[in-house]
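Have a look at the structure below before the remarks.
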Amino acid sequence: MAENGKSCRDQRRVAMNKEQHNGNFTDPSSMSEKKRRDREERQNIVLWRQPLITLQYFFLEILIILKEWTSKLWHRQSIVVSFLLLLAVLIATYYVEGAHQQYVQRIEKQFLLYAYWIGLGILSSVGLGTGLHTFLLYLGPHIASVTLAAYECNSVNFPEPPYPDQIVCPDEASPEGAISLWSIISKVRIEACMWGVGTAIGELPPYFMARAARLSGAEPDDEEYQEFEEMLEHAEAAQDFASRAKLAVQNLVQKVGFFGILACASIPNPLFDLAGITCGHFLVPFWTFFGATLIGKAIIKMHIQKIFVIITFSKHIVEQMVAFIGAVPGIGPSLQKPFQEYLEAQRQKLHHKSEMGTSQGENWLSWMFEKLVVVMVCYFILSIINSMAQSYAKRIQQRLNSEEKTK
């Protein structure tokens, strides 16, 4: 890997010598200053500062992406035709009556369940804007609701349907002590593992971008990759904590390989994009990177997160937290009341007694959570619009810079 980094720097030096020989060489400090100004100019293109320009650039970027994908599909007509034929067979199988329909419905149900959680996992880690924190908004609350229901019902044999859309306690009572940590983990294993698979898939774009840039020698259109190259060049001068943390991740992945990637993927790590860029830059084999990422995120990390949520929302811990809220001087009892009403309403729902009416505490807490989800989703959409608008602005800047070089 060190030889690869050295050869990459040699290639850059050769390219700079060619530019100097052709009379197009410019001072590196002025180039870095211009890149900094361009980056600041792009960062100002956001909806709350320049709404009209941002929306215009967003739609123009969409048109360019659609044009590029149309061109790629046109040059892969055999794949497109094969996909359309397979889709036609699946549609015919789905709508034609017969004994196979029971299997079709079962496959459809499982496919939609897997696709839902994998899609949420991809949204959580894919490089579009800031990402959508789907664990806090969807998977975490789902595990918490199953945990609360398991302790209340003393069972995890929730009828199906309506589970997982609505959890209702089974009619048959289980013996006391039948609920264990492992039984709850097993109940939410599919949803959690599929979510982890989605997060692993969402980490692939930085890897492929860095790998393509290294193989082609082209300047990548990505800020994180440019920061990565700058970090490699100024590795010895890094002083601040963030730079040292990034260097630690980069060194761990580069020197340890598979187990270094596995270690980074197995813990909540906001710098894991850097691991993907490092693996792509140093041409780590795809299955080494993706295999370690998949094992770390879909198995190790997900079990750590599941156990934490299940323990946090176990019956005695929840009761202690509600009692602690009530012990707060002055405002404790007023804060404790809506939580008690919410928990009582959930118990009534689990035992099919929700027709008695919805309590005020449940309305208040449900309203707060719904608004939080709406705000997070809206912010994610806004971040995608801003990111795509800034990508189009970067296209304009690159075109202007290339025109200046040719003059």
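A Cβ is built for glycine as well, from the same backbone N, Cα and C atoms used for every other residue.
Annotations in TrEMBL come from automatic prediction, not curation.
Per TrEMBL, the feature region 'Disordered' maps to 1-36. Here TrEMBL flags 1-21 as compositional bias 'Basic and acidic residues'. The feature compositional bias 'Polar residues' is assigned by TrEMBL to 22-31. Among the features that TrEMBL reports, transmembrane segment is placed at 47-66, 78-96, 116-139, 274-295, 307-328, 364-385.
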Task: Positions whose Cβ lies under 8 angstroms from the transmembrane segment (307-328), at least six residues beyond its ends - done: 140, 143-144, 147-148, 151-152, 181, 184-185, 335-336, 339-340, 343
Task: Any contact, the transmembrane segment (364-385) to the transmembrane segment (78-96), with at least 3 Cβ pairs under 8 A - done: no
Task: Surrounding residues of the transmembrane segment (47-66) on its own chain - C-beta under 8 Å, 6+ positions past either end - done: 382, 385-386, 388-393, 395
